[in-house]
Amino acid sequence: MSPQPKLPFELEREIFEIAASAHPGTVPVLLRVARRSFEWIEPFLYRTINLDNRSPSIDALRRARLSKPPTFFTGAVRRFVIMSTYEFADLIASCSGTTHLAMVSGDLNAYLTTMPRLVCISASLLDAFPPQHYPTSESIPGSKFAHITHLEVFESLAEDNDARTRLVPLLCTLPVLTHLALNHTPYFPSLDALLAGCLHLRVLCWLANTVDKARLHAGMLVAWPPFRENLDHRVVMAVYSDWAEGTELPHVGRRTYWDKAEALIERKLSGDVDTAHARHRPHSRIGFSLRNTSSLDTMSLSESEKDPIVKEKSEGSLHSEKSDGLLADIAVLEADIQAVSDDILEAAEYARTMSHEEIEATIDRILSEHGDDPNFPPAVLAAARRYRYDEQLKTQPVEYKRLYDELKVEAAMIKINSPYLEVRAVVSNHDSDVPAGTFRAWIIGTIFVAVGAFINQFFSIRFPGIGVGSNVAQVLAYPAAKLLEYVLPTTKYTTFGYTWSLNPGPFNPKEHMIITIMANAGFSTPYTTSIIWVQFLPLYFNQSWATAFGYQIMTALSTNFIGYGLAGLTRRFLVYPARAVWYTNLSIIALNRAFHHEKNTVANGWRLSRMRWFLYCFCAMFVYFWFPNYIFQALSYFNWITWIDPNNVKLAGVTGSVSGLGLNPIPTFDWNQLVYAVDPLIFPFYAKHIQYLPWGYFPVNSNHVYDNTGALYNVSRAVGSDTLLDAQLYDNYSPAYLAASNILIYGVFFAVYTATLMHAMLYHRRDIWHGLRSVLSRRKTSDLHDDVHVRIMMKYKEVPEWQYLLILLVAIGIGAAGIKVYPTETNPAVVLYGVFLAAIFVVPIGIILASLALFA
C-alpha cells in the first residue's frame, strides 16, 4: 500500500471500513496494510461494546479503558449492550457518540443525557422512569427522545395494565419514531392506539422468543397465521434469539429484523403477500455463520446449528473469519497474552506453521518453566493448566478449541518473541546487520569511562555523594557520535583481510549500546574503596600503609575481576534463560531505542515523539535539580514537622528523617531520595512494596556504632598495633553499642542468606537444574534455550567459559598476593573462602534479581 493515499482520503477509508464490515476475516490483514489503515480499522473493533461480565472480552475492555483516552471511545463506540454497569460508569459517560443502546435495566434517563445521538433503543421504559419521574407527553417534543427512530420496549402491554396506561401515551408523543417493537402477546386495543397515534410509524414488530421449530425450518417463506382480518400492513411478527438483536448496527450483506420487516411490508404493499399475514424469519444466533456469510438470509436454522464456527463482534473484540479459528479474538488475546495487536498478528501468522507436537511441547514448557512465574501472563497459565488437566474440557469442543487456539498463539509468541510484555515493549525480536565495535564507539566509550570513573571515585567520599551513571554517558554519547559521524572520513581500510572504516555510516543502536556497556562497567567504584578508608583513617584502624598504590590496585582488580569471572561462568543461569528479564536493563534499552527510533508512533492520542518527550523531561529535571540540591536543600530532607517545634527532641526522634524514625507523610521532594533503594519507574510495584513492607513493623533508625558516652565508636582505641582486637584496651574503652533496629538488621542479614537459598531451591530449582545440565552436557546454548534473543545473539561468537575461568583464577591470585605481601594480618586463604561464598549465592540471588527484581 502506498504511504500516501492514491484515492481520495475519505473514499479510501470508506472502502476499508466496508471491507471490514462485510468480511470480518480480512480485519487482521487490513490492520497491517498501513499505519493509517490500522488507525481506521482499530476503532471498528470497538464499534460495539458489550458490558456483560460473562462476555469473554470484558477483561480486554478493562485494559482498553485504562490504555486509551476517553476521546477514543467517543469517536469509536456506536452501540452499547449493557448487562452490568457498576464498574464502567465513567466509560459510558465518555461514549457520547453512541447511536444504538440495549440495556436490561438501569437509568435510561441518564443515558439519554450522556448519549444525545441515540436513534435506536432496546430497553424497559417503566424500569427506567419510576412513576414520580415519568416523562409527560408535554415534555417529550424536543426532549431527549427527539432523535429516537427505532425503539423496542420490553414491557407486556397485554398483561400489565399500568404499562398500557403509562406507555402507550408516551410512545404516541415521540416526534420521529418510525420503527417500534413490542414484546409478548399482542394486545389489539393498544396496537390500534399506537398505529393511530404514532404519526410517523412505518413498522410495528410484535416479537416472540419461542416458535415451533418446524415452522422455522423452511426459512423466509413461511407465513404465520393472521392475527385478525384486515390487519394493518405495518404490523410484522418477528422471532428473536438474542435480547439485543434490535440494536444491531447495519452491516454490508447483513440485514437486521427491522430491514427484513420493511422488505416484508413492501411485499405486502406490492400484493406479493396478503396484508393479513405477518411473518419474519428469525436470526439463528447473534452473529454470522462464517462458512457462508453471504447466504445468511437463505440459510435455515437447522443448517446454522451445524456450523461450529460463529463470528461474534462485541465491545472491543472481533472474531476472525478464518476457518482455523486461530485468531479468535484480538482484544481477548491482547488481554490474556498481554500483547499488542501487531505482536499477536505476527505470532498468529507464525503459529500456522507450527506442528501439533511443537504446540503441545510448548504448553508443557509453559507449565514447567513458568508455573510459578509472577511475570508470566496469568491468563495464559490458567488456560494451559485447564487445557492440560481439566478432563471435562474435552466434552466442550468449542471451549476446548478456543483454549487451544489461544495457547497456539502464545506458543508462537514464545518462539518468535519474548513471553513478557515488558521485554516485547522495548527489545526488538529482529536483528539489523550493522557494525557494533567501530572505531568511534571505542574512542567515545574509552573517553567516557576514563572521565566518569574519575568523577565517581573522586566524589565517592563526599556526603551526600555525587555520582555519574551510565545513563549520562548514554545521553552524551549520541551528540558526540553524531559529531564524529559528520567529521570523520568514510574511507575504507583493509588490515589483515578485515575491512574497516573510521566512519562506517550513521551512528547505530549497537554502537550506542557498546558505549553504554563500557560506561556501566567502568563507572562503578570498587567495593574496596570503603575498605581502604576504614584502614587508613585514624578514627578506625589508622593503617597508613593502606595508601600504598600496589595494595589498592591489587585488591581493587581482584574484587572486580572475581565478579566478572563469576558473571561469565553463570551466564547459562542468569543470562540465557528467557525468564531472566533484568528490569534495570530495560530502561537502558528503551532510552537507546528512543534515540534511534525515527518513526513516531501515535499512542493513546499522544503524538509527541520519544526524543522530544525526553528533551522536555531532561530540561525539566536539570532545572529542578538546583532547588533541592542547592537553592533550597530542605526539599531533600523535608522535615517540615520538626519545624513546628525545632527544640523538641522527641518530635525530631519520631518524625526526623536524618536521625529519627522518619515518620513523615511527605518526607522529600528530591528524586534522588525517592529512587535511593529502588527506582519505581523501572521495577514492578510488588518488588518495591516487598522491600518497604518491613518498615510498617520496624522503624528506621541509626546504623552507627556508639560507645558508652554516646559518641561514635573509635575502633583504634580497641585494637592493638597489629590492628587486632585487644581485650584489655576494649575493656578500658567501651563495649560497642548498636541500635536495636541495627541488631535486628544484622540478624535479618543472616536469615536472608538461608532464606535466599531455600527460595531458590523451592521456586527456581528447575532454572538451576537447566543451567547445570547445560554446563555438564556442554551443548550449544541455542540447543538448550529456545529464546528468540538467544538465537539472535548466536550470530556473535560467545566468549568461552574457560576464558572467564582463567580471569577468575588470575583475580584470585592477585587478591591473595595483595593480602600476603602487605601487613594485613590476614590469611590469603580468605580470598578462596570469599569466592566460595560468592559462588554459592551468586546464582540464587542473581535469579531472584533477574526474574523478580528483588534485591536479596
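The backbone N, Cα and C atoms fix where each Cβ goes, glycine too.
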In TrEMBL, of the candidate ranges 218-239, 328-349, 548-569, the one given as transmembrane segment runs 548-569
Residues flagged as transmembrane segment in TrEMBL, choosing from 81-104, 513-536
513-536
In terms of Cβ proximity under 8 Å, which residues at least six beyond the ends of the transmembrane segment (802-819) contact it?
550-551, 554-555, 557-562, 564-569, 826-832, 835
Which sequence positions outside the transmembrane segment (743-763), separated from its termini by at least 6 residues, show Cβ-Cβ distances below 8 Å to it?
372, 698, 703, 840-841, 843-845, 847-848, 856
